[in-house]
Amino acid sequence: MTLMGLRERWRQQNVNGAFAELRRLIPTHPPDRKLSKNEILRLALKYINFLDHILTEQDLMGGLRRQAGRLEKEEEEKNTLQEVPSPNSSCESSAEGDCDGLRGEQSQLQYLHFSRYS
């Protein structure tokens, strides 16, 4: 056999080996189904597009989950801030008994403060 013939045979074996490896990666039913090189390439393209589609959907779903989590956190913070009374708020929003108690405590503190420094 000539040198050119040996090179061509080696090249063909490499190509066939690459197709065999690609064939093993493509899911088919039945798994050992015989495929031509053309079918292997076409199915590989379809499989790659399918996997790309799945990854794109997962990215979108992950983005939506992150956005929903941020909105939920903002809503929780908003609700927490609404529950905390401001120091300048009037007692109208709370029960009247609580208001009287707060006023009494405030008067007592002012009395103690003034009696100490008078």
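A Cβ is built for glycine as well, from the same backbone N, Cα and C atoms used for every other residue.
Keep in mind it's a predicted model, so treat the numbers as computed, not measured.
Annotated compositional bias 'Basic and acidic residues' per TrEMBL: 69-80, in sequence order. The compositional bias 'Polar residues' annotation in TrEMBL covers 81-93. Positions annotated as domain 'BHLH' by TrEMBL: 1-51. The region 'Disordered' feature in TrEMBL is assigned to 67-104.
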- [ ] Would you mind splitting the domain 'BHLH' (1-51) into helix, strand and coil residue counts from DSSP?
- [x] 38 helix, 0 strand, 13 coil
Open item on the list: Looking at the domain 'BHLH' (1-51) alone, can you tell me the average pLDDT?
Closed with: 95
